[in-house]
């Protein structure tokens, strides 16, 4: 077993080391429990592997909220999720944690969140226009750049964890249960993210990954949306998942990545990987999706779906890509139309112009 070559995030690598220990040391965190009686469950919204989610009413102010009742899981994991949510509170497009209480019956913790109209992206995102795809991905990138700048990787970016209130064009990144603090040189568990959104680093068991994992997942969402193919990489298990990726990005390119980081491939891949050439993105375009595809969309996609995590666009770089020019232009226009004009600040307009 050779040692894999270490890797370090291209951005925000040292943010946690520049903060006091309390910021990232979630195991020492002491939870401030709120009052459970303040919340009344209204209806069940869904259930996940680790929790059940309800719509509720905060009876102190009559406002709707969302209650996530956690299933029995290690205290450490619960503390991690709470600490991360506390650290990110108020961040752009990050779901707001309002309180943490104990369920009186089960004694399990329940997280109280702001209420978001419960359409997850999954139901919506195969029906969006070209402009809407750009708009919502830009909003999602704001959330990712924010959490990365705060030293946190989400590690479960997928449509199901992106809540959209389409009427108000509001987006929230939810479910921080797999999120983790980034410390350069640390080895992380590769059993994170959902199969179709797992980066190659997870599938080849490379543990020294970073924020760039989230950018692969975002790339999978983009591909799925512009090509109207859900999911884009449809593996039947984690091994097949890498094969599906290799059929698009190429096997030669995969081996270059493995060589660069001295990664040894699980022998189980020997019989299933085969040899595949890299495919051009254009080959996924057809009459049903061509209205969503543009040269800049394909260029942007190509900068996200890279084997080498170090080469992938960061969230900030992604936001500066020409794909988002129409959005940036529109958001700039809205900002300037809401602020006083320079003339209004300068008194009478001179007539010499």
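Counting starts with 1 at the first residue shown.
Glycine is treated like the rest: Cβ placed from N, Cα and C.
Keep in mind it's a predicted model, so treat the numbers as computed, not measured.
Swiss-Prot lists 45, 46, 47, 48, 49, 50, 51, 52, 53 as binding ATP, and of 68, 74 the one it places in that same site is 68. Check Swiss-Prot against the ranges 314-333, 334-353 and you find region 'Disordered' recorded for 334-353.
Mapped onto three states, the DSSP output places residue 53 (ATP binding site) in strand. Annotated ATP site 45, 46, 47, 48, 49, 50, 51, 52, 53, 68; additional same-chain residues within 8 Å of its Cβ mean position, judged by their own Cβ, are 69.
In the structure shown, across all protein chains, 47 is the one of the binding-site residues 47, 49 with the greatest number of other Cβ atoms within 10 Å.
In sequence order, 53, 54, 55, 66, 118 are the residues near residue 45 (ATP binding site), counting only same-chain partners six or more apart with C-beta under 8 A. Rounded to the nearest whole angstrom, the C-alpha distance between residue 156 (active site, proton acceptor) and residue 49 (ATP binding site) is 13. Of all Cβ atoms in the protein chains displayed, 22 besides its own lie within 10 Å of the Cβ of residue 156 (active site, proton acceptor).
Of all Cβ atoms in the protein chains displayed, 20 besides its own lie within 10 Å of the Cβ of residue 53 (ATP binding site).
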